[in-house]
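See structure below.
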Amino acid sequence: RFQKLPEAECAYTLFVIAIFWLTEALPLAVSALLPAFMFPLFGIMGSKQVASAYFKDFHLLLIGVICLATSIEKWNLHKRVALKMVMLVGVNPAWLMLGFMVSCAFLSMWLSNTSAAAMVMPIVEAVAQQIIRAEAEADELEMSCSNGSTNPALELDGRHTYNNNVGSTVCTVEKENEKGNEQRKSRKDKYSGIFKVMCLCVAYSATIGGLTTITGTSTNLIFTEHFNSRYPGCQCINFGSWFILSIPIAVIILLLSWVWLQWLFLGFDFKNMFRCGKKKTSREEASSKVIQEEYKKLGPISYPETVTLVLFILMTLLWFTRDPGFIPGWSSLFPKYKSYITDSTAALVIGLLFFIIPAKTLPRTSNGENTVFDYTPLITWKEFQSCMPWEIAILVGGGFALADGCEVSKLSEWVASKLTPLGSLPLWLVILISCLIVTSVTEVASNPATITIFLPILSPLAEAIHVNPLFILIPATLCTSFAFLLPVANPANAIVFSYGHLTIMDMVKAGLGINIIGVAVVMLAIMTWIVPIFDLYTYPSWVPNIPTTNGTGL
């Protein structure tokens, strides 16, 4: 007779769901529903207990953020912001590329990475096409001038020049043809490089920008909810603290990625990048023309755009000032139930206003009387539904259910006991191994699925080797977003790849370098400026007491 082991049954459930998530044999959201019937059948958790894990504070935060994103996209505020940023940095090719990267990264801080890439990519495509057209015209003009200067020599009518120099003339013509072919090949490679670098800068900056805010990418949201649920005594991860730790990481990765892509596809010419007072090239004139024409099409800023911008700023301020840490936040105005207020509270308050505030002002007649008009809010429920990522909401719920199952079945304690020997390794090596494993898996699996699988493993690992869990969970969460190698690695890559300017090897070659840059910067951050933010070298009192061997290599 076999003994019933809840740990083994929970591990089997986790293994089955991980296989479905990694292979995507079923839609991710469908696979995430498996714990809802497997846990009750195995006697691990009751149906009501499992069901309560599928809707948490995270989902309310997501609803508020999607209300904002819906209004931004509906009224084209995102396009106005992107074009304005690009106009500010100028049209020098290198700076233009940086402008697109910064604007796309900024948008992906507040919208989904997919939405940011999908919005910026058509603008980039139009600019790149215009650049190619202008440079082709300039090259044709140059070639025609060159041919015009040599033709008279080739049309001599047979005097002493022809008789004496016929052999040298033939050689000269052959050399000119070879030189022309080389120039055409060089121009073709240059045009191809422009398209490639423009496309890749959008895909990668959309991912990099999402690192900076809790709402920027689903992996950050999943980590935050998992951490606050597993360690309720901490409550140190909020919008402000995450932004402070991640913004330097994102800025450094963005700048190094810009240098890497520029060098890889176009060459890095400092002299032309920082030239001042010189006349714009045909490429720069073409870029400037396209961007200005696109911006003019938007017209003056409208009333709905203004209201959306004001609500966006208000939501951001409420997030930053709720509990900044270095000074009392507005949540301290409610001392009796301060812990009741989270970032989702602010997001919902602002989100509901989008359904209340009208989309247009009340027009008046010449007599000054108000006219009757059909009331329409900034966004409607149907528009919200079309933007709401229900798959991510269910997927995250399934991850919470798995985490609860691991706790109830004692699987987490069993994993912790088996991982204790890793405490003999230096801490930096444990973190590096975790980052490399997560970065490798996320290239072939979706980012949300990867972080959902690894969080229940890495949390017990940190407890087993007696270190602050943030030391391992923060870098692992950030590295989960480093899906740069393949078009299927994340939706932003797929959108950019679908334009047909890139090959798989282009993306692998560029993405490998950015993966290395990303992991290196994260390792630098977790060992330097993130340490004092959370006092990482002190083992916190809010971690559950698990009997372990203390050996951290610190």
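Cβ atoms are placed via backbone N, Cα and C, with glycine included.
Annotation comment: TrEMBL describes 12-42, 54-72, 92-111, 194-222, 242-265, 301-320, 340-357, 427-458, 470-489, 510-534 as transmembrane segment.
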Among the ranges 54-72, 194-222, 427-458, the one whose Cβ pairs under 8 Å to the transmembrane segment (301-320) are most numerous: 54-72
Recorded stretch that, among 340-357, 427-458, 470-489, 510-534, has the most CB pairs under 8 Å to the transmembrane segment (242-265): 510-534
Cβ contacts the transmembrane segment (12-42)/the transmembrane segment (510-534), at least three under 8 Å, sequence gap 6 or more: no
The transmembrane segment (194-222) versus listed stretches 54-72, 340-357, 427-458: most Cβ pairs under 8 Å: 427-458
Distal contacts, the transmembrane segment (54-72) - CB-CB under 8 A, six or more residues away: 36, 78, 110-112, 115, 214-215, 221-222, 224-225, 228-229, 304, 308, 311-312, 315, 342-344, 346-352, 354-355, 378-379, 383-384, 386-389, 392-394, 396-398, 400-401
